[in-house]
């Protein structure tokens with residue numbers, strides 16, 4: 001752990017010398033963990049498990065029914081490259097295939113985002129009590145709002161993100177227990193068999209809109 005920390009410090013120091021300004025970093029190839037999404041009123045909008053492949057640009061998320069008190073539990077499979085997503089109901093074995101209206105999401109830094117700041121989340125001076133992070137911001141016209149993403153300085157793992165819209169809606173995303181792998185990679189990004197042959201519906205949504 002100490003060696004990893006020293007390596008991160010060394011890499012950060014070297015990059016600070018070479019680069020005159022921060023460029024958006026790239027996330028790890030694969031990540032898996034838990035995602036907590038909180039809406040404007042403070043109640044959890046969704047809590048569940050996510051798997052993300054940044055190279056194939058595919059995301060799977062499924063609500064944890066034990067943590068969220070609602071009747072409709074979200075399960076989605078998003079193909080950002082293809083611009084589609086599947087709204088999945090595994091309980092009733094039903095599936096809707098819809099258009100993804102925007103490819104922006106918060107599991108990686110948006111292209112051309114502005115670097116805001118760099119510092120420690122927690123404490124820099126107490127061992128194992130802080131994480132060095134970078135914060136990025138970008139206005140996204142198709143979302144009518146501003147997306148802010150905070151990542152680790154070394155590794156570019158998303159820690160938390162926010163969407164502030166012009167209509168004063170707020171979504172806060174917190175990423176917990178993140179691992180550098182995908183759970184069941186041969187299955188998690190494959191639509192279930194009852195999605196086969198489902199027609200593409202005219203109705204669409206965005207990554208952020210799915211959590212409203």
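Cβ atoms are placed via backbone N, Cα and C, with glycine included.
As annotated by Swiss-Prot, signal peptide applies to 1-20, with the evidence given as similarity to another entry.
Residues or ranges marked as N-linked glycosylation site in Swiss-Prot (evidence: sequence analysis): 69 (among others).
Every protein chain shown contributes to the tally, and the Cβ of residue 92 (N-linked glycosylation site) ends up with 8 other Cβ atoms within 10 Å. Under the heading N-linked glycosylation site, Swiss-Prot lists 92 (among others), citing sequence analysis as support.
Look at Swiss-Prot and you will find 112 (among others) tagged as N-linked glycosylation site, backed by sequence analysis. Secondary structure from DSSP puts residue 112 (N-linked glycosylation site) in coil.
Cα to Cα, residue 92 (N-linked glycosylation site) and residue 112 (N-linked glycosylation site) are separated by 41 Å. Around residue 112 (N-linked glycosylation site), taking its Cβ as the centre, 9 other Cβ atoms fall within 10 Å, counting all chains.
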